[in-house]
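So that you can see what the record holds, here are the features copied from TrEMBL:
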type: DOMAIN; residues: 7-327; note: domain 'FAD dependent oxidoreductase'
type: BINDING; residues: Thr45, Ser46; note: FAD binding site
type: BINDING; residues: Tyr225, Arg280; note: D-dopa binding site
Amino acid sequence: RPMDPVRIAVVGAGVVGLSTALCVSELVPRCSVTVISDKFTPETTSDVAAGMLIPHVYPDTPIPTLKRWFRETFDHLFAIANSAEAEDAGVHLVSGWQIFRSVPPEEVPFWADVVLGFRKMTEAELKKFPQHVLGHAFTTLKCESPAYLPWLEKRLKASGVLILTRCIGDLWELHPSFDIVVNCSGLGSRQLARDSEMFPMRGQLLAIQAPWLKHFIRDGSGLTYVYPGVSNVILGGTRQKGDWDVSPDADISRDIFSRCCALEPSLHRAHNVREKVGLRPFRPAGVRLQMELLAQDGRRLPVVHNYGHGSGGISVHWGTALEAARLVNECVQAPRTPTPKSNL
C-alpha cells in the first residue's frame, strides 16, 4: 500500500536523538515519526554538556566529513542565534581564547574557517596567560542544552512528531509497529546495538555565578575550560574513562575550581557553585553513522545508527542528524525502486 506513511521510530532523546527526529520529519517525505526514550530533558546526558561549538576529532571520521558536520551544525545554530528564537533556544555567540602551553602540532585547526574571526592571539593578549606560549582568538556559538532540548521538543510536537516515554530493551521490540528504527541511544547502544566498544567517559563540571565574565577560555587539551553562558558560567572538567558514577566528587570539584582559577583569578569571587555529572557516550572509533539491516526469523528491520559522539556531540549534532535523515530516506526509497535489469 504505497499511500501508507512510513513509520519511523527514533530511539533516544538527547541532542542527537531530538535533532535527528526533526531532520527526519522535515526531509523524509510521507513519514510518521515517533521519539521513544526512557529519559527526556532535563534528565539526559546532553543536559549536562557545556555546549560550546569546538569540534573533536574522531579516528574513523575523515576530516572533510567532520568539517561538513561541524559547518552544517554551526550554520544551523548561527541562523537561530540571529533570529527572534535565540533566547528561547538558548543559542548565542561567544568570543574568547584557546590557549596552549606548548606549540600544538597543527597551528591552524581544520575548523578555523568555520568559526568567526579566527586569528592568532597577540603578545598583549597572551600576557593574560603567562604559562601559555600560543593562543587562538575566535568567536563561536554556545548551545545551552537546558533551553535547547525543550525548544527542540516543542518544534517536534508542532510538526506532528509523537513523543513516548518507554524503556527499550531490544530494537526488535519496535517491530512490526515501525518500518525503520533510528538508533540515537548513545550509551544505551552498548545494549541496544550490542556494541561492546561503547563506554562512559565521565564528565564532572561546575555551574557558577560570575556574571562579570564574558569571554571563554579553553586550555589546549580541552580538559580545563571557563565557558560563560546566559545564566551561569560552566567550569570544567574531567574525562574519566569507564567510570559509571554519576554522583559528584568533592575532590574533583576542588581540582576543577583551582585549575580554572589559575586561568582566570577573578573566579575566586564566584558564588552559588553547583556540581553536575554526565556520562558521555564514548566509542574509540568515534561516531557510528550507518545503516544496518537486522534479520531474524524471516523478519527484516532496517536500523540507522547515529551514536558514539563522546564529548563532541553538540558541535556536530545537526550535521550528523542530516546525514542520518539521508540514510533513512535511502531506506524508504530502496524497496520502491525497481531492480535494474542487467545487460549482460
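Every residue gets a Cβ built from N, Cα and C, even glycine.
For Ser46 (FAD binding site) paired with Arg280 (D-dopa binding site), the C-alpha to C-alpha distance reads 8 Å. Cβ neighbours of Tyr225 (D-dopa binding site) (same chain, under 8 Å, six or more residues apart in sequence): Ala50, Met52, Phe216, Ile217, Arg218, Asp219, Ile234, Leu235, Gly236, Gly237, Cys260. Of all Cβ atoms in the shown protein chains, 23 besides its own fall within 10 Å of the Cβ of Arg280 (D-dopa binding site).
Each of the binding-site residues Thr45, Ser46 was scored by other CB atoms within 10 A of its CB, and the lowest score goes to Thr45. Cα-Cα distance from Arg280 (D-dopa binding site) to Thr45 (FAD binding site): 7 Å (rounded to the nearest whole number). For the domain 'FAD dependent oxidoreductase' (7-327), the mean pLDDT of the prediction comes to 96.
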